[in-house]
Each structure stands twice: as structure tokens, then as C-alpha cells.
Amino acid sequence: MATHYFLWLAVLALAPSHSMASDPDSLQDFCVADPNSQVIVNGLVCKDPKQAQPADFFFPGLNQPGSTTNQLGSNVTLVSAANLPGLNALGISVARLDFAPYGLIPPHYHPRATEILTLLEGTLYVGFVTSFPDFRLISKILKAGDVFVFPKGLVHFQFNQDGTKPAVSLSGLSSQNPGLVTVANAVFGSNPPIWDDVLAKAFQLDKKTVDWLQAQF
């Protein structure tokens with residue numbers, strides 16, 4: 001009897017953590033974000049639904065390419081609750097990804113979202129790496145019309161391997177605020193910096209190389 005009792009306690013303890021593993025469901029038709037509120041909540045404060053306007057649910061211009069004139073040759077135009085208030089509490093966002101020839105979105109992960117990518121133009125080499133202990137690379141070369149999914153929290157990348165043509169894709173993300181952690185920036189560009197002793201041992205590098213890498217970020 002005691003064993004069954006403790007088993008039920010374990011199940012009850014796990015249930016809330018599972019149900020709260022993604023954005024919480026809305027308890028009303030919509031929750032348009034109020035950018036002027038000073039109240040801090042998990043998400044964004046709702047404004048009075050009676051004050052909602054069509055503009056709160058509208059974002060123009062995603063057909064326009066973003067500038068790829070940068071070191072990586074890529075650009076991400078994210079539409080989230082921050083610039084489309086009507087997305088607040090709906091648990092989704094969308095992004096346009098533009099790539100110059102050989103453009104790259106470097107290894108990164110989204111701590112709060114799964115990403116599903118549809119390639120609209122060009123070709124992309126994409127992939128993600130599984131977690132410990134396998135660290136398996138699952139990758140694919142995509143052509144226009146192909147779809148690829150990146151599971152939440154796993155490191156992934158997108159690279160335009162075609163040196164002659166740009167590429168364009170559209171990504172849906174399962175959070176109104178998916179978050180972004182770029183691996184290189186997080187490790188070598190943290191503020192304040194991680195001690196070079198730590199990084200030298202972790203990456204089996206000498207301190208001069210670590211210092212040089214940190215200077216790049």
C-alpha cells in the first residue's frame with residue numbers, strides 16, 4: 001500500500017512540470033500585448049480586449065528580404081509577440097530567413113521552441129545534433145518546397161551551400177518568445193567572459209587561442 005501511495009505522489013509531482021513544458025494556454029479569446037504596461041509577468045500583459053484593433057493582429061512586409069550584408073551573410077526577420085501584439089499567449093511565432101550565397105545561420109538553439117522550416121527558394125544544408133551520449137548529427141540538403149523540423153533545445157544550423165544564388169525560408173516556432181542562444185557567442189562572448197582556464201580545458205586549447213576567440217565576439 002505504501003509503495004502505491006509513493007508512486008502516486010511521484011506521478012502527481014511530474015504532472016505539473018509536463019503540463020508547463022510549453023507556453024501556457026490562453027484562458028480567453030486573445031490577449032493582445034500591452035507594450036505600455038510596467039507590470040512584469042511570464043509573457044506580456046494583456047490590454048483590454050475591447051481596445052483591440054486589426055493592427056494588433058497584423059504584421060506587414062514579410063515578403064521583403066532582409067539585409068545579408070554581414071559577416072555571416074544571413075538575416076532573420078522574427079515576427080513574435082514583441083512586434084505582433086496579437087500573438088501574445090498564442091504560443092507561436094514565425095521568422096523569415098534570408099541567405100546570401102554561402103550564407104550561414106550558425107549553430108544555435110531555441111530554449112523554448114521547436115522550429116519547423118520550409119525552404120521557399122534556393123538550397124540549404126541544415127541539421128541538428130542530438131544530446132548526450134550520442135551527439136549524432138542529423139542533416140539534410142533541402143531544395144525549394146522541402147520541410148525540416150528542429151526539435152526544441154537541440155543545437156542546429158542552416159547553411160546556403162550554393163555560392164551563386166541566395167536562399168529564402170520560412171520558419172514556424174512553437175513559442176511566442178522562442179529565445180535564441182548562439183553557441184559561439186554564448187561560450188566565447190559572454191559578459192563577463194568565462195575564464196580562459198575553463199575554456200582552454202573544456203576545448204583542449206591553449207589560452208592564447210581562447211583569448212583570440214573571445215576577442216572575436
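Every residue gets a Cβ built from N, Cα and C, even glycine.
Because the structure is a prediction, the values reported are computed rather than measured.
The annotation signal peptide is assigned in TrEMBL to 1-21.
For C31-C46, the entry in TrEMBL reads disulfide bond. Non-local contacts of C31 (disulfide bond) by the CB criterion (under 8 A, 6+ apart in sequence, same chain) comprise G43, L44, C46, N88, A89.
Feature annotation from TrEMBL assigns domain 'Cupin type-1' to 60-211.
The Mn(2+) binding site annotation in TrEMBL covers H108, H110, E115, H156. Within its own chain, E115 (Mn(2+) binding site) has V149, F150, H156, S171, G172, L173, S174, P178 as residues 6 or more apart in sequence whose C-beta sits under 8 angstroms from its own.
If you look up TrEMBL, you'll see H110, E115 marked as oxalate binding site.
The Cβ neighbour count for H156 (Mn(2+) binding site), using a 10 Å radius and every protein chain shown, is 21. The average pLDDT computed over the domain 'Cupin type-1' (60-211) stands at 97. For H110 (Mn(2+) binding site), the same-chain residues lying six or more positions away in sequence with a CB closer than 8 A to its CB are F150, K152, G153, L173, S175, P178, G179, L180, V181.
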